[in-house]
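Notes to accompany the following structure.
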Amino acid sequence: MAATNIDVCAVVPAAGYGRRMQTECPKQYLSIGNKTILEHSVHALLAHPRVTRVIIVISPGDSRFAQLPLANHPQITVVDGGEERADSVLAGIKAVGDAEWVLVHDAARPCLHQDDLARLLTLSETSRTGGILAAPVRDTMKRAEPGKNAIAHTVDRSGLWHALTPQFFPRELLHDCLTRALNEGATITDEASALEYCGFHPQLVEGRADNIKVTRPEDLALAEFYLTRTIHQENT
């Protein structure tokens, strides 16, 4: 197993638009306080001493990123993304170099806690396949009838988890699994699903449920509340 003090490179896919936010500005560039959501997300990664480099994957022609202080940060590299998230993550991995382990974190997930990140990073010592931050499902889950807004039945929530990010894997393994899944036309919704497709079983590391992804307009106020609370706790 790898040592606990090895350097880690992070990949942040930030090429999405996020139409559900109902704004002209891509959600990662919306502001919470005096920083964009993307800046909050990246700074949470760089706050851990093992994360020494971040690859940010943006859309070709993105003119907003160059206006951020992140554009001149010595630990940040920017590359162009692809059509789908998996294409963008693969482009980021190719820019990582020879890092043994890679974190992948959503650009629009700004409320990552350092204790969750620290627990996830211990997988480089204990696991050969890596894992993800996740939160157990607490709500009652319903499956709809096909094509209808009608309940088919209640789903047993035991054993169900919400997949969060960061997700943390050996670089070569993630690269190979993403490449195979894309070449074979598999549906890849997150990085762990590429490993699952190839027969691996990444670990679930329980994380805080307030590590939310800003997807809809109401999420912005909630993320601002969580971030303000965290900053207050750190300063007291």
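Cβ coordinates come from backbone N, Cα and C, glycine included.
So that you can see what the record holds, here are the features copied from Swiss-Prot:
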SITE      ARG20  site 'Transition state stabilizer'
SITE      LYS27  site 'Transition state stabilizer'
SITE      ARG157  site 'Positions MEP for the nucleophilic attack'
SITE      LYS213  site 'Positions MEP for the nucleophilic attack'
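Between the alpha carbons (Cα) of LYS27 (site 'Transition state stabilizer') and ARG157 (site 'Positions MEP for the nucleophilic attack') lies a span of roughly 30 Å. In sequence order, ASP106, ALA108, ARG109, LEU164, THR165, ASP219 are the residues near LYS213 (site 'Positions MEP for the nucleophilic attack'), counting only same-chain partners six or more apart with C-beta under 8 A. Working note on the recorded sites LYS27, ARG157: by count of other C-beta atoms within 10 Å of each C-beta, LYS27 ranks first. Secondary structure from DSSP puts LYS213 (site 'Positions MEP for the nucleophilic attack') in coil.
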